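Student: According to Swiss-Prot, the protein carries these features:
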- 1-994: topological domain 'Extracellular' (TOPO_DOM)
- 77-506: region 'Glycosyl hydrolase-1 1' (REGION)
- N84: N-linked glycosylation site (CARBOHYD)
- N122: N-linked glycosylation site (CARBOHYD)
- N161: N-linked glycosylation site (CARBOHYD)
- N211: N-linked glycosylation site (CARBOHYD)
- N262: N-linked glycosylation site (CARBOHYD)
- N308: N-linked glycosylation site (CARBOHYD)
- N389: N-linked glycosylation site (CARBOHYD)
- 515-965: region 'Glycosyl hydrolase-1 2' (REGION)
- N552: N-linked glycosylation site (CARBOHYD)
- N609: N-linked glycosylation site (CARBOHYD)
- N700: N-linked glycosylation site (CARBOHYD)
- N704: N-linked glycosylation site (CARBOHYD)
- N837: N-linked glycosylation site (CARBOHYD)
- 995-1015: transmembrane segment (TRANSMEM)
- 1016-1043: topological domain 'Cytoplasmic' (TOPO_DOM)
Amino acid sequence: MKTGCAAGSPGNEWIFFSSDERNTRSRKTMSNRALQRSAVLSAFVLLRAVTGFSGDGKAIWDKKQYVSPVNPSQLFLYDTFPKNFSWGVGTGAFQVEGSWKTDGRGPSIWDRYVYSHLRGVNGTDRSTDSYIFLEKDLLALDFLGVSFYQFSISWPRLFPNGTVAAVNAQGLRYYRALLDSLVLRNIEPIVTLYHWDLPLTLQEEYGGWKNATMIDLFNDYATYCFQTFGDRVKYWITIHNPYLVAWHGFGTGMHAPGEKGNLTAVYTVGHNLIKAHSKVWHNYDKNFRPHQKGWLSITLGSHWIEPNRTDNMEDVINCQHSMSSVLGWFANPIHGDGDYPEFMKTGAMIPEFSEAEKEEVRGTADFFAFSFGPNNFRPSNTVVKMGQNVSLNLRQVLNWIKLEYDDPQILISENGWFTDSYIKTEDTTAIYMMKNFLNQVLQAIKFDEIRVFGYTAWTLLDGFEWQDAYTTRRGLFYVDFNSEQKERKPKSSAHYYKQIIQDNGFPLKESTPDMKGRFPCDFSWGVTESVLKPEFTVSSPQFTDPHLYVWNVTGNRLLYRVEGVRLKTRPSQCTDYVSIKKRVEMLAKMKVTHYQFALDWTSILPTGNLSKVNRQVLRYYRCVVSEGLKLGVFPMVTLYHPTHSHLGLPLPLLSSGGWLNMNTAKAFQDYAELCFRELGDLVKLWITINEPNRLSDMYNRTSNDTYRAAHNLMIAHAQVWHLYDRQYRPVQHGAVSLSLHCDWAEPANPFVDSHWKAAERFLQFEIAWFADPLFKTGDYPSVMKEYIASKNQRGLSSSVLPRFTAKESRLVKGTVDFYALNHFTTRFVIHKQLNTNRSVADRDVQFLQDITRLSSPSRLAVTPWGVRKLLAWIRRNYRDRDIYITANGIDDLALEDDQIRKYYLEKYVQEALKAYLIDKVKIKGYYAFKLTEEKSKPRFGFFTSDFRAKSSVQFYSKLISSSGLPAENRSPACGQPAEDTDCTICSFLVEKKPLIFFGCCFISTLAVLLSITVFHHQKRRKFQKARNLQNIPLKKGHSRVFS
C-alpha cells in the first residue's frame, strides 16, 4: 500500500506479513467443510458470556500503568537465556511416523477420520516416514544441536487393540532404538503418552474418551511405558492439549473422531481426560518417581486475547472468561484449586468433581507444560467475541499463567507457526515468527521473572497437520512427501534455530555497543522542512497603511476611517510576516545551525517561464533566509521538492508532459538561475531536486516513462550545476547537489543467497541508479543494465533504459559538490520474480516487515544500525566524500511527549557518530525531519500544525548543544557554557516579549498618572488649608504672616 508521506518522507509499496494476515491465511487453508462446522459453535460461545469469576490473571489487561513503547522492557531484547536453559524440538507420532499398516500397527481414530472426513487425502502414507527413516531424524537432531527431543508414542503401534494384553514387538523395538539413540547423543527425551491417536478399537468398543473406562485403560498403557522406558525418560507428558481433543473432537468435529454439536459430550470428555491424567500422575508419583526420579505433566494449549478497551471492565472480564474457558478449563483443576473456573460451573452440562476428586486432581503436575500454536486459534470465532482481538503475544499469556497459577515452572512444549504447502526450504516468515516468539519468552524471563526452563520448537519435520492435512507445513526440515527417500532438508528456520541454540539467545551482533563522543564544532545541525508555502502579502500592515482609524467603542466596535487625514508610512519589513516570526522562534528553540526548506516553483513562476515573476514571493523567501541568518541559522535551499500529492510543476509545464518533456529541463535551468541571482548572496548550500529517485515513481504508467523522466531529471540537475559552477560559484562560493532517498536494505532471510542478491539489487536500482552517473561513471550501474537486459531476454520485461550520449555522460559526471541523502528506515527484502510493465517490477524485490522491531504508526521500522551501514556503503562505492544527512526522522502520533521520535533521534545520531568516529565517514551535517507537521499527514513534525513544541524539540536542542553524545564528565562543547540548563522563565520572557513590553509601558504610564494625581491632590489640600487660615479672626496684637 502507499503511505501518505511526501516525497521527502518515506513512502513505498510494502508487503506486511502481519499476525492478522497470517490468521487470515490460516483460516483460508481450512476446508469449506471445516469452516461450516464452526457455525455450530455459535450456541456454544454464548455460554462464555456468563459473569461471576475474576481470577488474578485479569490484572494482565490493566494497562492504566502506561508503559512507553521505547521502554527497554518493550523493545526487542538483545540478551541470552539462562545458562541451564533447555532447547528442544518436538513431533507427534501420527504426524511423522507414517507406516500406518506396517509391522503390526493397529488403526487409530485419526486413520478412519482421514478417510471419512478429509477429502482428497490418501491417508498418512505420504508422511515423513520417521518409523522407517529413524537415522535421518537423528541426523536432523544433530544438525540443530538440541538438548532434548519431545516425541509421542503411538498407542496403536505399541498396543494395536489398545489394551496392554499384547504388545507389538516391532513397535517396541522402534521406540527402544529411538530412546537408546537419543541417550547416546546426550539428547534428553521428553515422551508424550497420548497425542490424539487413540486406538480405533477403544473408540468402537467404549466410545473413546466419553467413557470413564478409558481412565483405567490409559493408566494401564502409561504403566507399561513407565516400566519399559522409564529408566531412560525423565520427563513425561500424559496428554497433549486436551482442550483440542475435547472441543474439536466432540464439539466442532474438526478433529477425530469427528463428532460435533454435543456440549455434554465435550465436557464429559474433558472431565475424563483430567481424571485420566490425574490417575497416571499419582501412579507415577507413588510407584516410579522414587527410583526413576522423573517429572510428569500435561501439555495445555491456549490462544491469547486482548480487549478493545482496557478501561471497559466488561470487555476485560470477557477476555478473562475466554482464557479460563480454554486454558483454565484444564489448568484450574490441575494447577489451581482442583475444580473448574466458577463461571463455567453455572451451566448444567459440565460434570462436577466431588471433594475427594478435587483433592485427587489438584497439584497433579510437576511443571506447567504449555502449547502456543496455530491450532489454538482455529477457528477464530470459538475464541473471539465482540470487544476482543486475537493476539500472538506469548509473553502476555505467560504472565497470565504466572498470575493465575502461582508462578509455576514452565516448559513451552509446543511453539511455532505454519507456512503454506508450496513453501520448501525458504520459510522466511517462519523465521520472524520464531524470532518474535523466542524474544517474548526471553523478555518474560528477564523482565517479568517468569520461570520458563525450556522451549520446544514445533515441529522437527514437515508432516500431517491434522485438519489441514498436507496444505500447510510446520517443520524445521522440508520433506518431499512424494519422494521415496524422504530426505530431510533444513529450512531457513532450521538454520536460524540452530544459530539461536548456539548463541543461547540474541547476543548483540547487528551493531557495536553505544559509544560517547562528539561531532566537530563546524558540524551542521539542522532541521528540514518540505515546501515552504509563502505569504503573498504581509501579515501585519502596521505602519504601511496611511489612513487613521477611530474605534467605535460604544457601538459596534468597528474601526472607522478618519477622512482627510493621511499618516506617514514606511516600507514593509521582514518582521511584518507573522509566519516568518513564528518560524524563527521555532528555530531558536531548537538551537539548530542550519535550516533546510524548499522553494515553491509554482508560486515564483506561475507560468513556468520568466515572463511572470512573483517578486513578492521571492522577497518572502529572502526574508526567511535573512531573518534566520540574524539568528545564526544558515540556509540550505531546495529548488524543487515534489510530493506524492503534488508534482510541484507550474501548470503549463505539467500540461506539456512534465519531466517527460526536455523543455522542462530548460525551464528548470531558467528558474534556478533566477533563484541563484536573487538569493545566492545569502545561500551557500543548494539542493536542486529532492529525491529524484522517488519523483520518477509519479511517472509510472510504464517503466519506460519512469526511466525517461529520471533521465531528464538527471540532465536538468547537471545543467543547473554547470550554470552555478560557471556563473555564480566564483562570486557566491556556494555548493550544489541533489538529495537522494537512501533507505538501507537487508536480506529478509540471511540464509538464502537470493535475498542477499535482492538487497544489493535494491540498492543499485534505488540509489546507484542516480548516484553512479553523477558521482562515478556518467552512466547507469552495470548491475541495473544487465538485470533489465536479462529480464528482457526471458520475456519478463519490456523496459529500456535510456542511453547517455558521450556528451550527456560528460555533462552529468561529477555534477555534485557533496552527497546529500534522506534516510528513514531499513527495508528487509526478499527476491520475488515480477512481471509487469512498472519499473519497480524490474528489481524483482518485495519487502517484508520485521514484526519484532519497533515500528512507527506508518510501519517504518526503527533500525538505527542501517544508517551506519548505508554510510559505509556510500564511502566504499563513491569514495571519501562530504556527506550531509539532509532528512532523517519518523512519524509519532503523540502531540506532546513524542517518545518514539526522541528514541529514534538518539539512536540514529548514535550510529552516525559511530560512522564518523570509527568508520571515518566524512559526515558534515545531520538534518532532522521535519520542523512542522501538516494536519493531513503522518506526524513527522517537531512542532504541531499550530506551532506547539513537542518534547523532542528540547531533546534535539540538547543533542545540538552537546554536539553529539559526550560523556557526562566531559568539558562543554564548542564554547558552550558549563551548564546549559533549560530556563523556563527565560523562554517565557522571550516568547512574551511584546506583551511584557506593552505591559511595562502601561504600568509605567499608570504609575505616572497616579503620581500626578496624588501630587495635585496634595497641592489642592494645602491651598485649601491656606484659605481656611485667612478666614480665622486674629487676636488683638497678632498679625498674619505669609511665607
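Cβ coordinates are placed from backbone N, Cα and C, and glycine is handled just like the others.
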Student: Could you round the CA separation between N262 (N-linked glycosylation site) and N389 (N-linked glycosylation site) to a whole angstrom and send it over?
Tutor: 27
Student: Of all the glycosylation sites given, N211, N389, N609, N837, which has the fewest Cβ neighbours within 10 Å once its own Cβ is left out?
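Tutor: Comparing Cβ neighbour counts within 10 Å for the glycosylation sites N211, N389, N609, N837 gives N389.
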Student: Quick one: Cα separation, N552 (N-linked glycosylation site) versus N704 (N-linked glycosylation site), in Å?
Tutor: 68
Student: May I ask for the distance between N389 (N-linked glycosylation site) and N308 (N-linked glycosylation site), taken between their Cα atoms and rounded to an integer number of Å?
Tutor: 7
Student: Rounded to a whole number, how many Å is the Cα of N837 (N-linked glycosylation site) away from the Cα of N84 (N-linked glycosylation site)?
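Tutor: Per the Cα atoms, N837 (N-linked glycosylation site) and N84 (N-linked glycosylation site) stand 56 Å apart.
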Student: Helix, strand or coil: which one is N704 (N-linked glycosylation site) in, per DSSP?
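Tutor: For N704 (N-linked glycosylation site) - judged by DSSP and reduced to three states - the answer is helix.
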Student: Around the Cβ of N552 (N-linked glycosylation site), how many other Cβ atoms lie within 10 Å? Please give the count over every shown protein chain.
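Tutor: The answer is 11 other Cβ atoms.
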Student: According to DSSP, which kind of secondary structure is N262 (N-linked glycosylation site) found in, if we only use helix, strand and coil?
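Tutor: N262 (N-linked glycosylation site) sits in coil per DSSP, no helix or strand.
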Student: Average the pLDDT scores across the topological domain 'Extracellular' (1-994) and report the rounded value.
Tutor: 90
Student: I need the nearest neighbour of N308 (N-linked glycosylation site) among the glycosylation sites N84, N211, N609, N704, using C-alpha distances.
Tutor: N84
Student: Validating a neighbour-count step here. Other CB atoms within 10 A of the CB of N262 (N-linked glycosylation site): how many?
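Tutor: Cβ-Cβ neighbours of N262 (N-linked glycosylation site) within 10 Å number 15.
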Student: Using a Cβ cut-off under 8 Å and a sequence separation of 6 or more, which residues in the same chain sit near N84 (N-linked glycosylation site)?
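Tutor: Within the chain, N84 (N-linked glycosylation site) has Cβ neighbours under 8 Å at F453.
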Student: Give me the count of other Cβ atoms within 10 A of the Cβ belonging to N308 (N-linked glycosylation site).
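Tutor: The answer is 11.
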Student: Cβ distance under 8 Å to N704 (N-linked glycosylation site), same chain, sequence separation 6 or more: which residues?
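Tutor: Correct list: S798, S799, V800.
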Student: Which of the glycosylation sites N161, N609, N700 has its Cα closest in space to the Cα of N211 (N-linked glycosylation site)?
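Tutor: Going through N161, N609, N700 one by one, the Cα closest to that of N211 (N-linked glycosylation site) is N161.
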Student: Measure from the CA atom of N609 (N-linked glycosylation site) to the CA atom of N161 (N-linked glycosylation site) and give the result in Å, rounded to a whole number.
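Tutor: Between the alpha carbons of N161 (N-linked glycosylation site) and N609 (N-linked glycosylation site) there are 93 Å.
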Student: To the nearest whole angstrom, state the Cα distance for the pair N609 (N-linked glycosylation site) and N700 (N-linked glycosylation site).
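Tutor: Counting only the Cα atoms, the answer is 26 Å.
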